[in-house]
């Protein structure tokens, strides 16, 4: 019996289904790689429905965004103007350890001496690790910008990311893409997904239109509904709510007090009795919200927590409820469909992983774009392996923030139970019980959070390895003292020379009119 010979098709057309940040950022990244000098590159079309609202929670980004914005051809100053953007130099975690006004930082700049020496064994209190090894801690505490007015775009004394108005950012990306050749914008809601005999997507039909959407590769950016990968292709969803309990959020947009000139240059995450509150400062307002588990807290109780946190600033404001399910798809690229953004998976916004995963996913697709359908399964297999590993590592890292707590509430104590901690994380902590995280513990380019990130969280929450077990490894007292003193000098220098965050942005934007 003769086997049917499959026709090998050249990849020429990419259809991004869904707008918002995930859709337009994916289109921008793919188009920037594959436009072609003579209009001979790939054709990218984006289909979005005007009647589907976008989720507006993801206002925090990761330092990867700097490279992404440059790559797709956006000026940093234009992003700040269009998106009411501010600098994000890391995260401040308040009340996560004991709940008595304790706090620690996870800054974006690595510790001094990173890769050469772990300074934790040489500190009296490991909780002071970030402050003793990184000048960014005190810069954030003083609400300073990461660079001076004389420094150029995408430069800084410290590593940084951005806080963005998510809706404005998506709109800016849309206008940017529409101004480029090779990107077509289609308004319409997908009505039917038709598969071919092999189970791949053949075409889409749109509601109230006769138009048929055909493409060689479909990018599913349809959000939680996962219209293509989840519904049409039936790729199962792997729940992770036994590890990360939160499934709800209440969000508010909070205006500034007219007398308040300060502007935090970091995200603030303040632990509550059964969840935590994010506080993100944009130039024109704050984005504040309570992430919590409905199994431990009612919506009314969560809203009361949020209003207590905001005080009078919450008067007259309405909270918007968002429900979500923690987890990710068993595959992210199946047949000729790739899920990017919330259609691939979602976890709470604790370390701003959502937009970062969009960047990483879209960049992989762009860099490894299969030339034809014959090699697509190979690319898909590698993508799935990498993304599956990254999702596991994200969940490990987020869980780390919870399982080291000393808080007594049932919600927090449930997070400490061994049955809720992934085996990989348990093994890491056993290893780090006698020495801190090393660069060699991580798989290089695949890691979203390097050893430095683990050091900041572990030490910041009071996790102290028993360095005496291999005491002979820690005989670099003179070098450690020198680095710690150098950090103190740099800290004083930065505090004296860097401008206040809000003042810098206002001066910078005024000096660069449209």
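Backbone N, Cα and C define each Cβ position, glycine as well.
Sequence annotations record features per position, and here TrEMBL assigns active site to 88. Residue 88 (active site) carries a strand DSSP state (E or B). Just so you know, the Cβ of residue 88 (active site) picks up 27 other Cβ atoms within 10 Å once every protein chain is counted.
For 19, 20, 21, 22, 190, 355, the entry in TrEMBL reads FAD binding site. For residue 19 (FAD binding site), the number of other Cβ atoms no farther than 10 Å from its own Cβ, over all displayed protein chains, is 25.
Summarising the annotation, TrEMBL assigns 7-chloro-L-tryptophan binding site to 88.
A coil conformation is recorded for residue 351 (L-tryptophan binding site) in the three-state DSSP classification, outside any helix or strand. Sequence-distant neighbours of residue 351 (L-tryptophan binding site): residues of the same chain at least 6 apart with a C-beta under 8 Å from its C-beta are 91, 106, 394, 397, 398, 449. The L-tryptophan binding site feature in TrEMBL is assigned to 351.
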(request) Rounded to whole angstrom, what's the largest C-alpha distance between any two of 19, 20, 21, 22, 190, 355, listed as binding FAD? (result) 24
(message) Is it possible to get the count of other C-beta atoms within 10 angstroms of the C-beta of residue 190 (FAD binding site)?
(response) 20
(message) Return the count of C-beta atoms lying within 10 angstroms of the C-beta of residue 22 (FAD binding site), excluding that atom itself.
(response) 32
